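Take a look at the structure below.
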Amino acid sequence: MRLHHLLLALLFLVLSAGSGFTQGVRNFVTCRINRGFCVPIRCPGHRRQIGTCLGPRIKCCR
């Protein structure tokens, strides 16, 4: 039963973070939801930056 509570809390966290997507991606969870990945350098190849992960130096690329 505790697992259900944890998953419900995680769902609320993800949904509340996704509601402000007009401001861009700002954490790992929303980066992954938006089919991105986090890198500590600039985005490789033809990928573009769609936000940041865990601070301004780690980019979310898609």
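Note that the numbers count up from 1, one per residue, in the order the chain is shown.
Cβ atoms here come from the backbone N, Cα and C positions, even for glycine.
The following features are taken from Swiss-Prot:
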- C31-C60: disulfide bond (DISULFID)
- C38-C53: disulfide bond (DISULFID)
- C43-C61: disulfide bond (DISULFID)
- Q23: pyrrolidone carboxylic acid (MOD_RES)
- 1-22: signal peptide (SIGNAL)
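Features per Swiss-Prot, on structure.
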residue : record         : DSSP class
C31     : disulfide bond : helix
C38     : disulfide bond : strand
C43     : disulfide bond : coil
C53     : disulfide bond : coil
C60     : disulfide bond : strand
Which one, from the disulfide-bonded residues C38, C53, C60, has the smallest tally of other C-beta atoms lying within 10 Å of its C-beta?
C38
Among the disulfide-bonded residues C31, C43, C61, which residue has the largest number of other Cβ atoms within 10 Å of its own Cβ?
C31
With C43 (disulfide bond) as the reference Cα, tell me which of the disulfide-bonded residues C31, C53, C60 is the closest one.
C60
Can you tell me the CA-to-CA distance separating C61 (disulfide bond) and C38 (disulfide bond), as a whole number of Å?
6
How many Å separate the Cα atoms of C53 (disulfide bond) and C31 (disulfide bond)?
7
Inter-residue Cα distance where the pair is C38 (disulfide bond) and C60 (disulfide bond), in Å:
5
Using Cα coordinates, what distance in whole Å links C38 (disulfide bond) and C31 (disulfide bond)?
7
